[in-house]
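Everything below concerns the one structure shown next.
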Amino acid sequence: MNQPPTTSEHSMSGLWWLVGGIVAGLVLGIFYGESMWRASGGPDRKLATIEMTLKQKNELLVAAQKANNADEVKRLETQVATLESEVVRLTKVRDEALLDVKAGKLRLADVVWKFTKFLGDLFLQVLKLLVIPLVVTSMICGITSIGDIRKIGKLGSRTIIYFMSTTTVAVFIGLMLVVIVQPGKATDDTFAFKDSKTASKENRDVVETLLAVVRGDEGDKGSGMFPENLILAAAQMNVMAVIVFSLLFGGALTTLGERGKPAIAFFDAANEAIMKMVHLAMICAPVGIFGLVASNIARNGGGSQLGEELTRLGYYAAVVLGGLVLHVLFLQLLMWMMTGRNPWQFMGQMSRAILTAMSTSSSSATLPISMECVSKAGVSDRTSRFVLPLGATINMDGTALYEAVAVVFIAQSSGIELSIAQLVVVMLTATLAAIGAAGIPEAGLVTMVIVLTAVGLPVTGIGSILAIDWFLDRMRTSVNVFGDMTGSVILDKMVGSSDEPNAKV
């Protein structure tokens, strides 16, 4: 008699489908991405960016001439000439693309671009749709399942200590690598452009920026940890505010005794229903991830452009990726020492969440899959419901490491030597800034302004790393998510909740 497939077999089957979706997306994006880029108006977008960069460089050149800075004038004149040549080349590419579009040569590429973008956008929207309901129900259930307010304090304090400690280690690893390798000494900043996302926050000082995380931005009723309008905060994906409210609401429910039990039962049932919806969404994950990967490579110029950017920023990318790998090894070693789990087996159990994080570039969007993975690995519900939503919002090991490396890289590219004291400031501010990085794609670019400002570096330096940031963003998000899941296992062991029936340590 044939036996039905086990949960493990289902999980491995789903993993291979995810891998297949990623590989298919890579193949399509690398080999057909340039045609999709041309069909979707990519040359126009890139030409506009280069023209804005050229305008900025000309303004800097005028300023350098007024300051009688001969070396800077010579450097900027060379860059302006390079950018002018690039404008001529891209204008020709754009005109050729327009002719191909009119002749119908790029009709198939346009259809493929729109289809893959639709698949990726739809999958990401479905995941984001589930985030707020999942955070609310899981946090409330996590608090009410702990019950004793002293246990809440124990788990909460240890969670914060763990998050801060591992983030500090991540920053230290990144700083050590970037100081030793010095990737910025071999990089040209000709195409550096100050992005509008960071320009609006350039004049904020460090304290003001950090306080804004708690207080919110003036005039925005949905921002901050204590927003005026919780519904607006949820609509803006302000997960931190939703977590704070859910923690307080769950804590209040635990004080109501018998009167609170119907509400607790409601949120337990709601949490189970949300997880069922997550299972349904994951059936379509391979197709959605295929669309995300292919459309992202195509949006950035296809395989040839990716190769050019990797070559130009190769040392920088290698340092970031090397640091992320070292931090993952540190987390695995820490987990093995604290729990005795096999690190490689655990990595396999978490692979679906890691691949989803890599594809979506969002810790928050990956949260439903993260919770499913750690639950199957034997982490108790009371721990995972508390640790993972909180971690997806404030525990950004990969982002903190990346910010530290990027800031020192920008300094090296500009010929600025940072002192030991400045490196300490980078370490502290990168750790704190990572807490303010929302679990959404490329949020680290905005919080990097905090670190740059703290050591007096020009925010314009961010432009030199934008070309490859979309790729590194996916790598660091995967480490962010892995750090959360590793933390849930370690904290589950530490607080003693792993002796429950569903725990398998």
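Backbone N, Cα and C atoms are what each Cβ position is placed from, and that goes for glycine too.
Given the structure is predicted, the values throughout are model-derived calculations rather than measurements.
Taken from TrEMBL, the feature transmembrane segment applies to 12-32, 122-147, 159-181, 230-256, 277-295, 315-337, 420-440, 446-472. Positions annotated as coiled coil by TrEMBL: 66-93.
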Flag the pair the transmembrane segment (230-256) / the transmembrane segment (122-147) as in contact if three or more Cβ pairs fall under 8 Å (sequence separation 6 or more). yes
Using a cut-off of under 8 Å between C-beta atoms, tell me which stretch among 12-32, 122-147, 159-181, 277-295 contacts the transmembrane segment (315-337) the most. 159-181
Checking distant contacts: for the transmembrane segment (12-32), what same-chain residues at least six beyond its ends satisfy Cβ-Cβ under 8 A? 5, 109, 112, 116, 282, 285-298, 302-303, 306, 351-352, 355-356, 358-359
Averaged over the whole of the coiled coil (66-93), what is the pLDDT? 90
